[in-house]
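Visitor: Attaching a single structure in structure tokens format; questions to follow.
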Amino acid sequence: MIKQRTLKNVIRATGVGLHTGEKVYLTLRPAAPNSGIKFRRVDLAEPVVIDARPDNVGDTTLSTTLVKGDVRISTVEHLLSAFAGLGIDNAYVDVSAPEVPIMDGSAGPFVFLIQSAGVQEQEAPKQFIRIKRPLQVEDGDKWARFEPHDGFKVTFTIDFDHPVFDKNSQTASIEFSSTSFVKEIARARTFGFMRDIEMLRKNRLALGGSMDNAIVVDKFRVLNEDGLRSGDEFVKHKILDAIGDLYLLGHSLIGSFTGYKSGHGLNNHLLCELLKARDAWEMVSFEDEGYAPISYMRTAPAGR
């Protein structure tokens with residue numbers, strides 16, 4: 001039987017919020033079977049728990065933000081992507097601020113934290129959502145689509161009219177496994193344009209952004225001294241984001257996702273439409289690991 005997974009141990013880290021610039025204390029804790037991923041604001045007089053679910057997404061400006069009443073937890077997608085990549089079904093995520101720390105702008109540090117905590121299999125079957133028919137949402141020339149597929153495949157295309165993007169790949173595809181996620185996707189960093197930074201900061205956004213946690217691009221080039229980690233790092237980060245956004249379903253997917261210039265808002269719209277279309281998906285589990293179309297490593301060394 002493919003079993004649900006949680007963390008073996010509690011693990012802690014400290015970082016800064018990308019948009020708030022605040023110091024954030026992060027704690028990842030094990031959770032019981034069928035708990036799902038639960039985020040907790042522990043800096044409030046009474047801690048507030050927000051389940052990682054599509055209907056709890058209240059804002060998708062520049063990141064995916066979970067909302068309950070007037071309580072917010074932003075930038076959840078990179079950590080959710082790491083949970084998805086290592087097959088973690090159940091965990092508590094405690095944060096001391098309204099944002100998950102940005103770390104280095106990728107999912108790599110979160111993969112390292114999860115591996116350091118250890119992965120614990122639980123005595124409950126892992127539930128997958130299998131896509132049964134195509135489903136697409138659109139916004140102008142942008143679109144996102146699910147299709148049936150025997151595995152989990154993510155394809156993404158970005159389209160930036162810019163010298164740096166013109167000479168690097170703007171389309172990428174990954175056939176998902178823990179190995180491919182850790183090696184190919186996890187270390188792709190978020191990126192931003194110098195021209196946008198002043199406007200963002202006037203709006204109290206990107207206050208914690210720096211070249212330590214993002215790829216920064218001016219009119220002509222990448223400004224980071226160490227350059228890109230790979231020629232397709234920009235589009236690979238969009239795949240990383242999409243994997244995190246899709247994990248708000250609370251289950252690993254069996255199917256293909258294709259995004260064309262899609263972002264957090266359109267990704268979430270697709271999830272909400274999927275959940276409404278009950279003929280488009282089904283829940284499945286696997287008694288025999290050999291029949292499962294997706295493989296998860298027990299441990300996967302974080303790439304350097």
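Every residue, even glycine, has its Cβ placed from backbone N, Cα and C.
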Visitor: Among H78, H149, indicate the single residue that Swiss-Prot lists for the Zn(2+) site containing H237, D241.
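Guide: It is H78, as the record lists it for that site.
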Visitor: For H237 (Zn(2+) binding site), which residues of its chain lie six or more apart in sequence with Cβ-Cβ distance below 8 Å?
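Guide: S106, A188, R189, T190, F191 - these are the non-local Cβ neighbours of H237 (Zn(2+) binding site), listed in sequence order.
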Visitor: Quick check: which same-chain residues outside H78, H237, D241 lie with their CB within 8 A of the centre of the Zn(2+) site CB atoms?
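Guide: Counting only non-site residues, the set is E77, S81, G105, S106, A107, A188, T190, K238, I239, L240, G244.
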Visitor: Tell me the Cβ neighbour count for D241 (Zn(2+) binding site), meaning other Cβ atoms within 10 Å of its Cβ, over all protein chains shown.
Guide: 25
Visitor: Can you tell me the CA-to-CA distance separating D241 (Zn(2+) binding site) and H264 (active site, proton donor), as a whole number of Å?
Guide: 8
Visitor: Can you grab the distance from H264 (active site, proton donor) over to H78 (Zn(2+) binding site)? Cα atoms, rounded to a whole Å.
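Guide: Cα-Cα distance, H264 (active site, proton donor) to H78 (Zn(2+) binding site): 12 Å.
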Visitor: When you tally the Cβ atoms that lie within 10 Å of each candidate's Cβ, which of the recorded positions (H78, H264) has the highest tally?
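Guide: Of the recorded positions H78, H264, the most buried by Cβ count within 10 Å is H78.
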